[in-house]
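Enquirer: Below you'll find the structure I mean.
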Amino acid sequence: MTQHWPAGEIARMILDGFDDYREHFRRITLGARERFEQARWQDIQRAAAARINLYEQKVGEVNGWLRDGFDEEVLLEVEQWPLVKSAYIRLIDPRLDDELAETWYNSLFCSLFSHDQISDGCMFIHTTRPSIRSHERAAQTRTYMPDGSLKGLVRAIFRDYAFDYGDLESDLSRLEEQLRDCLPDWVCKDPALAVELFVPVLYRNKGAYLVGRLYNSDEQWPLVIPLLHREGHGIEADALITDEAEVSIIFSFTRSYFMVDVPVPAEFVNFLKRILPGKHIAELYTSIGFYKHGKSEFYRALINHLASTDDRFIMAPGVRGMVMSVFTLPGFNTVFKIIKDRFSPSKTVDRATVIDKYRLVKSVDRVGRMADTQEFADFRFPRGKFEPECLAELLEVAPSTVAVEGDTVLVRHCWTERRMIPLNLYLEQASEGQVLEALEDYGLAIKQLAAANIFPGDMLLKNFGVTRHGRVVFYDYDEISYLTEVNFRHIPPPRYPEDEMSGEPWYSIGPHDVFPEEFPPFLFADMGQRRLFSRLHGELYDADYWKGLQASIREGKVIDVFPYRRKGR
């Protein structure tokens with residue numbers, strides 16, 4: 001029977017499905033320039049969500065093809081799937097997106113088989129792609145030399161990256177000035193100075209980005225030039241950024257995914273890795289929309305870390321969650337979040353609602369203020385990789401999710417997020433200046449989320465974290481909702497003097513009612529922090545402020561949230 005088993009046909013059908021997915025993905029991506037040039041901001045948001053949802057949609061379609069095309073008993077004969085893998089390897093070897101094709105195959109395998117049938121013999125737990133490939137080319141870039149004139153250098157760049165600029169001469173003068181401010185004088189005068197830019201433009205939300213590097217014979221600097229569309233005034237170059245930390249934030253895990261046409265994804269990711277060496281390739285793949293492959297690279301990094309270190313899982317620092325239990329590896333910059341079997345009495349959500357909320361985050365504009373998540377099923381870890389106290393707590397609070405099978409710990413379902421310092425813990429150790437900066441950014445995070453039609457729900461300090469760049473980011477999603485679903489109210493005046501002394505409200509409260517006047521004691525036990533936040537962001541305590549945001553959203557307005565400092569604006 002083995003010699004007649006349709007391994008090649010199954011492999012071909014899986015790859016045909018991948019080609020179909022890539023074609024639809026590219027079609028959405030290639031529309032980004034037109035949407036940007038025509039200022040179709042709401043279409044941009046819809047396209048971003050559609051492209052994210054496309055992957056699972058296409059996996060489902062190909063699963064149906066396979067089940068319709070082959071006898072189920074034959075198709076699900078897992079012992080034969082090493083033959084499918086071998087046939088598939090031969091098919092993808094000549095491709096320029098072969099690493100993505102491996103991840104696609106894995107997704108199809110997991111859609112057909114239970115996770116206890118996963119093995120490297122049947123699927124690509126470890127990649128088969130060589131680090132250096134015979135078909136690998138230099139990245140698709142353009143190189144520019146100043147030839148004694150920085151303005152001439154900038155002009156040459158914008159000659160190649162042609163848009164309907166509103167006032168290009170003004171832009172060129174400003175960018176030349178910013179370039180001189182960014183680099184030491186000797187670098188600006190260095191005859192060996194050059195600029196290398198990736199040819200395709202990156203698009204995201206209301207911006208377009210030219211991405212590359214400045215370099216001479218000794219050093220290099222990342223280079224990003226954001227373009228904005230000023231409605232009625234044309235396209236303008238908004239800034240010139242060479243600071244690695246700022247460029248890293250532009251590619252942050254808190255941002256929506258870029259739309260950029262990359263026929264050879266590994267080339268571009270390697271190019272980005274050269275200018276952002278602190279970024280893991282999983283994050284770089286994710287940042288350009290290949291979030292499933294980012295998940296594959298994350299998993300490979302995790303199993304490599306577990307195999308090569310003595311690190312053990314511990315409970316994550318901070319206040320224990322009422323809905324989620326969170327654990328981490330000290331040497332691996334990630335937290336693992338599982339849903340508890342029983343929630344605290346004050347929580348009215350159920351498990352299905354929590355899952356929906358976390359999945360919602362993937363498809364909305366996170367405006368740099370919500371951590372991206374990856375959802376996993378059936379993680380298996382060596383029992384010896386858990387500290388006993390950590391494993392005991394997980395088994396106690398989530399026995400339906402965490403189980404011990406011999407020497408293996410099975411985690412049936414979890415999310416991963418980037419690890420941050422919880423804001424409440426950060427403030428306990430912060431200097432006066434750091435407290436001021438953190439509370440300023442905390443309020444700004446709430447405002448930016450709200451303007452993007454996201455209401456965090458539970459805005460306690462413990463539900464926000466501080467990144468390595470000092471940015472405040474929201475990461476607890478079990479109570480998020482669209483801002484337009486919330487009914488913001490003023491507290492009605494008391495009917496009688498006794499009302500104010502009562503422990504019960506004298507007014508009715510609906511399920512979606514929120515009273516911003518109640519925020520101060522709810523958010524801040526520390527009176528000094530409460531007064532400081534009121535001075536910085538007191539409008540957040542006014543129901544009319546929130547209603548004004550809702551009105552803007554209902555009018556179709558899309559806010560500007562810049563992932564970089566806007567110098568000279």
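Placed from the backbone N, Cα and C atoms, the Cβ positions cover glycine too.
Below are the features I grabbed from Swiss-Prot:
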- Ala316, Pro317, Gly318, Val319, Arg320, Gly321, Met322, Lys337: ATP binding site (BINDING)
- Asp372: active site (ACT_SITE)
Enquirer: Suppose we draw a 10 Å sphere around the Cβ of Arg320 (ATP binding site). How many other Cβ atoms does it contain, all chains included?
Expert: 14
Enquirer: Write down the Cα-Cα distance for Asp372 (active site) and Lys337 (ATP binding site), rounded and given in Å.
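Expert: Checking the Cα atoms of Lys337 (ATP binding site) and Asp372 (active site) gives a distance of 13 Å.
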Enquirer: For a quick check of understanding: among the binding-site residues Ala316, Val319, Met322, which residue's Cβ has the most other Cβ atoms within 10 Å?
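Expert: That would be Ala316, with the highest Cβ count within 10 Å.
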Enquirer: When the number of other CB atoms within 10 A of each residue's CB is tallied over all shown chains, which of the binding-site residues Pro317, Gly318, Gly321 has the maximum?
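Expert: The residue with the most neighbouring Cβ atoms within 10 Å is Gly321.
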Enquirer: If one looks at the chain holding the residue listed as 'active site', which residues at least 6 apart in sequence have a CB under 8 angstroms from its CB?
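Expert: The list for the residue listed as 'active site' reads Phe253, Thr254, Thr286, Tyr291, Val361, Lys362, Arg366, Glu417, Arg418, given in order along the sequence.
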Enquirer: Per the record, ATP is bound by Ala316, Pro317, Gly318, Val319, Arg320, Gly321, Met322, Lys337: how many Å separate the farthest pair of Cα atoms?
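Expert: Max Cα-Cα spread across the ATP binders: 15 Å.
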Enquirer: State the count of C-beta atoms found within 10 angstroms of the C-beta of Lys337 (ATP binding site), not counting that atom itself.
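Expert: The answer is 25.
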